[in-house]
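Novice: Pulled the feature table from TrEMBL, pasting it below:
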TRANSMEM  14-34  transmembrane segment
TRANSMEM  46-65  transmembrane segment
TRANSMEM  71-92  transmembrane segment
TRANSMEM  104-123  transmembrane segment
TRANSMEM  135-156  transmembrane segment
REGION    160-181  region 'Disordered'
COMPBIAS  161-176  compositional bias 'Low complexity'
TRANSMEM  193-214  transmembrane segment
TRANSMEM  226-248  transmembrane segment
TRANSMEM  255-274  transmembrane segment
TRANSMEM  280-300  transmembrane segment
TRANSMEM  358-379  transmembrane segment
Amino acid sequence: SYYTSDPQFAGSSAIPTIGTMAIGVSYIGMPFVNPVALRYVEYQRHMVVGGWALAVFGLVAASFATRVWQLVLFQGVLYGAGWVICYAPFLLMLNGWFVRKRGLAYGILFGASGISGLFIPFVVEALLRRFGFRIALRVYAIATVVISGPSTVFMIKPRLSSSPSSPHASAQPTRTTSRRGAARTELVGNVQLYFFALAIFLQGLGFFIPNIFLPSFASSLSLSHALGSTLLALNSLAQVCGQIGFGYVSDKANIYIPTSASTLLSGLAIVFLWGPAKDFWRLSAFATLWGFFSGSYSVLYTRICTYLAEDPDAAVTLYGIFSFERGIANILEGPLSAWLLGADENIERYALQKYQGLVVFTSVMMFASAIAGVGYVFGNVKPRWRGSS
């Protein structure tokens, strides 16, 4: 929003690409970084710190940009690449610490980012308004170093040492090529995998649209920018609760229950709350329900993977594939949302007329994503708890 009003960048059609590249690259890179982190276990901590530093550097470099393509490169591609290099081995180490309560652990982990979303929109808006994007990016980079630096550099570590001389090294089971091949064959022949893969892609196509357009929807209703940021904060708070709650449920219930509930209830919230909204209170109800149900969906990936794959390495590979799908969906969302956004605005019409295409498309994607539940009829396999190795 700030870049579109900045004289240096205003008028460029590539501005929305900045955010979609940052998120898209971080998702798409997962299946490429995961095998490296699995192969070179002894360098996982180095990858975490190196990726984190690369993401911070991307923010600082973007603060010196004078062209939109530089923002796309540094705040988009470089930041996203640094994030996935940090994040992939981080998740592998988390898997080593938690097995039976892994869903809850992921819920708490993802909920932490939701807590930051309670105040970051207000802080960034104030920085941009008072100092401009250059100072705002540098302050954000410094804050990242100060807040997350100590834990990233000194505290995050695998549960078991990967050194060959470690007393735990011999306890690590060796997976032969034939065993890995058998695991892949098992996955390829699993019909439920394809239903889940389709569901994740469809949910990803619609997931980011409300978060992107809620502030502008609020502006169309003549609500203040502060109220628009409040909607995002409500969304983040609800997302925290939903991620922890759904993470806990995924440890206890059949995985089809939380996945189907998340998408179906998200779709209903769009149809009956976002579309008819004409005031802040209905929009706030939608932002809350959308954050709780839709924002919790990605927490379920880890349990979907362990549900489908017996081999831990295969489960990690699946997680990378699902993240790749999410990244492709995110990148497609940019041009799709631009095409669906109407030109004429009428406050008396459903979804203010201008946003009708977005509301209909997002609700259809949510309802269609519930197709994962159809996979249940092809075999209800009980979750099999794996060892942390």
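Placed from the backbone N, Cα and C atoms, the Cβ positions cover glycine too.
A TrEMBL annotation is a machine prediction, not a hand-curated record.
Owing to the predicted nature of the structure, the values given are computational and were not obtained by experimental measurement.
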Novice: Is the transmembrane segment (71-92) in contact with the transmembrane segment (226-248), using at least 3 Cβ pairs under 8 Å (sequence separation of 6 or more) as the test?
Specialist: no
Novice: Which bits of the chain, at least 6 residues beyond where the transmembrane segment (280-300) starts or stops, bring a Cβ under 8 A of a Cβ in it?
Specialist: 103, 106-107, 110, 114, 203, 207, 210, 214, 217-218, 221, 223, 227, 230-232, 234-239, 241-243, 245-247, 250, 255, 258-259, 261-263, 265-266, 269-270, 273-274, 326, 366
Novice: Can at least 3 Cβ pairs under 8 A be found between the transmembrane segment (71-92) and the transmembrane segment (255-274), with each pair 6 or more apart in sequence?
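Specialist: Answer no: the transmembrane segment (71-92) and the transmembrane segment (255-274) share fewer than 3 Cβ pairs below 8 Å.
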Novice: Please work out whether the transmembrane segment (193-214) lies in contact with the transmembrane segment (255-274), by counting C-beta pairs under 8 angstroms that are 6 or more apart in sequence and asking whether there are at least 3.
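Specialist: Touching, yes - the transmembrane segment (193-214) and the transmembrane segment (255-274) meet the threshold of 3 or more Cβ pairs under 8 Å.
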